[in-house]
Amino acid sequence: MPELPEVETVRRGLQPHLEGRVIARAEARRPDLRWPLPPDLVQVLTGARVVALRRRSKYILAELEDRGSLLLHLGMSGRMLIEGESQGDFHRDPAILPRHDHVVLWNDQGTRITFNDARRFGMVDLVPPGAEHPLLAHLGPEPLSDAFTAEALAAAFAGRRMPVKAALLDQRIVAGLGNIYVSEALYRAGIDPRRLAGAVTAPEVAALVGHVRAVLEEAIAAGGSSLRDHRQATGELGYFQHSFRVYGREGAPCPTPGCTGTVQRIVQSGRSSFFCPLCQQ
């Protein structure tokens, strides 16, 4: 599932084609997604001006002038495709079948923006003006925002008897983090993913906040990580997977200079965790 860097990369790719533009035409081609499309989706979107395109956690929100917002989640395999004269020659990935094009928009410049989702776990929904979608109501601070501080994270960890990795994946504590980037940040911070969150010291929390930010910023700069389905809105792959230090590297030597450890994989709450048992305490 796309994590924060992948979603932010897609948002940035969509921004020139949606923000400030009018949706001249909209089609809902398959309403029976696992999260059904709103019956008035086409009516609300047609003629709407997108005044801002932002991200909250792993969601993309297109704020519409006087019409609320369009909320998008990519699910497991969702992709946003951009096609049109302004993009030059566009070659559709043969693995992306047109029958999985569920929502198609055309902006006032003729550019086509398509939500394609083979596994149909994605979501397209409408948020009424002045309302907040229930899925966004209880999210924690954005990890790249000023609200994500060592003090705030230490307060959230205080007294928690859950593994620190599980705490970081709790969207109520910090929004948008996922398995890949939590594993990478914990490695850089030298914290064992099995440590109880409440036992992480204040200096360790401060270091962890810095490493979370750094990993996310580096991943966004690389276009995210393309392990399976992720593509940027232009169709390009992300490249941060080539910079993984521990994620997916079970059995490889620890990359820390001078360390003789080997990257190990364990399962926590049904998810793989990768770490060096010598470097991470």
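Glycine too: its Cβ is placed from the backbone N, Cα and C atoms.
So that you can see what the record holds, here are the features copied from Swiss-Prot:
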- Pro2: active site, schiff-base intermediate with DNA (ACT_SITE)
- Glu3: active site, proton donor (ACT_SITE)
- Lys58: active site, proton donor (ACT_SITE)
- Arg271: active site, proton donor (ACT_SITE)
- His100, Arg119, Arg160: DNA binding site (BINDING)
- 245-281: zinc finger (ZN_FING)
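On the structure: features taken from Swiss-Prot.
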{"residue": "Pro2", "record": "active site, schiff-base intermediate with DNA", "Cβ within 10 Å": "25"}
{"residue": "Glu3", "record": "active site, proton donor", "Cβ within 10 Å": "21"}
{"residue": "Lys58", "record": "active site, proton donor", "Cβ within 10 Å": "23"}
{"residue": "His100", "record": "DNA binding site", "Cβ within 10 Å": "18"}
{"residue": "Arg119", "record": "DNA binding site", "Cβ within 10 Å": "13"}
{"residue": "Arg160", "record": "DNA binding site", "Cβ within 10 Å": "17"}
{"residue": "Arg271", "record": "active site, proton donor", "Cβ within 10 Å": "14"}
Where His100 (DNA binding site) sits in the secondary structure, as DSSP reduces it to three classes: helix
Pairwise Cα distance for Arg271 (active site, proton donor)/Glu3 (active site, proton donor) [Å, integer]: 14
Residues in the zinc finger (245-281) grouped by DSSP into helix, strand and remaining coil: 0 helix, 12 strand, 25 coil
Listed recorded positions Pro2, Glu3, Arg119, filtered to Cα within 10 Å of Lys58 (active site, proton donor): Pro2, Glu3
Mean predicted confidence [pLDDT] for the zinc finger (245-281): 96
C-alpha spacing of Glu3 (active site, proton donor) relative to Arg119 (DNA binding site), in angstrom: 17
Recorded DNA site residues His100, Arg119, Arg160, farthest C-alpha pair in Å: 43
